[in-house]
Structures are given as structure tokens and as C-alpha cells.
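K.L.:
Let me begin by handing over the structure; questions about it come next.
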Amino acid sequence: AAVPSGASTGIYEALELRAVEHINKTIAPALVSKLAMQEFMILPVGASSFRIGAEVYHNLKDATNVGDEGGFAPNILENKEALELLKAGYTDQVVIGMDVAASEFYRFTASAGIQVVGDDLTVTNPKRAASEKSCNCLLLKVNQIGSVTESLQACKLAQSNGWGVMVSHRSGETEDTFIADLVVGLCTGQIKTGAPCRSERYNQILRIEEELGSKSFRNPLAK
């Protein structure tokens, strides 16, 4: 099972961090990427299987480095350059997602017509996030929110406010496949679980898909 806290922690989470000054002044400058945004992702919203997502992933095979979640980490300097890499010929079937790791990004919700996924705030205080209309989709991390029961409650709260729900893994956790079963059980239609080479959850979803047959596919983002 996954540990209570992963490698990615946010501003609304208790955290003990030793040698803070050394990390901030010596280690961080040597390791931190030049990109302003934390992650660039693909969402194969027009797909009926994982094939399209996998093909976009393999289209980036010339990128050099791989992160702990299986994603490519090429040496690029600008956000635009990262976006230009996400091409595999599926212009109408794949949309781009970005983890901006920002605490104040909700102003885009009303004007841009995009899905804004809340992370730390929705975990610690989903009622506040809903009342402030800070986002329109919940990123559901079971090992961050605390329990399966609390996860179900958060999902219901999000859906009652007209939000989407994206079930997510967490950096640094185990290969446990439970969230694959959870996302199918909740019928949210969205899962964030790293690149295809981290295949445990994808394989579990494929097994569930095979068992459910024609009743398996659900696309909440389809217009």
C-alpha cells in the first residue's frame, strides 16, 4: 500500500524538512529545471484506449532523461519548447495538460473555459475550494487525503458542485494498483498515473476493461 505522504508536497501540508538552507541555496540551484511549469501532460480525450497516449509518449523517445514517474525530462529552457514536443498527429483527439504548481491559478477558470484541477487545497479543505470556486476539478490522491472514506466524501462533494474528478497517484509512492480500481468504481473517467512505462495501474485498467467488455468505456470530457 502507498505511504501517507509522497515526494510531492504542497503549501497546505505539514512537512518536516531538515537542512533547509543548504537545500535551498546549494542543492536546489543545481537541480531545479529552467521551466516555470512543473509538468506537461497529454490527455487522450478522444481515445477509446490507451494506444494514443502511448504513441505520443514513444514519439518523445529522443528526449534524454526520465523522471521518477516515467516521464521524459529533456534539457529544455522554455515552456513553449516543451509544448512543441507533444506532437503525434492526433490534433483532435489529444489535449495538453500542465501542472503549473501554482497556488493562485483559479482566475483562468471563469474566462478561459479550461479544466483547472485543484491539488493541495482540495485535499485539505475541499469545502473552501468549492465556496471560493478556486478550480473546477478535484485531483484525488488517496494517500494524501488520508483514507478511502474521506476520498469518497471528497469525490461526492466535488461532483455535487459540478466538478470533474481526476484520481491521481503521488510521487514517491509504491506500484500498488488500487487507484486503477478506484477510478473505475467512481466512474470519473480521469486518472493521472505517470507515463506508460510505469505500467502497473494501466495494466490493471486493461484487465478491468477486458472484464467489463462493452460497458467499460466512459469519457466525461466528450462534448
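Quick reminder: no glycine exception, Cβ is built from N, Cα and C everywhere.
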K.L.:
Can you find which of LYS192, LYS215 Swiss-Prot lists as binding substrate at the same site as GLU39, ASP119, SER168, HIS169, ARG170, SER171?
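P.N.:
As annotated by Swiss-Prot, GLU39, ASP119, SER168, HIS169, ARG170, SER171 share the substrate site with LYS192, chosen from LYS192, LYS215.
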K.L.:
Which is it, of 4-25, 202-223, that Swiss-Prot names as region 'Required for interaction with PLG'?
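P.N.:
My reading of Swiss-Prot: the region 'Required for interaction with PLG' range is 202-223.
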K.L.:
At a 10 A cut-off on CB-CB distances, which of the binding-site residues GLU39, ASP99, ASP119 has the highest count?
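P.N.:
In terms of Cβ crowding, the pick is ASP119.
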K.L.:
Specify the count of other C-beta atoms within 10 Å of the C-beta of ARG170 (substrate binding site).
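P.N.:
If we count other Cβ atoms within 10 Å of ARG170 (substrate binding site), we arrive at 22.
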K.L.:
Secondary structure at ASP99 (Mg(2+) 2 binding site) (DSSP, helix/strand/coil)?
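P.N.:
ASP99 (Mg(2+) 2 binding site) sits in a strand per DSSP.
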K.L.:
Roughly how many Å separate the Cα of LYS192 (substrate binding site) from that of LYS215 (N6-succinyllysine), to the nearest whole number?
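P.N.:
Each residue's Cα considered, LYS192 (substrate binding site) and LYS215 (N6-succinyllysine) end up 22 Å apart.
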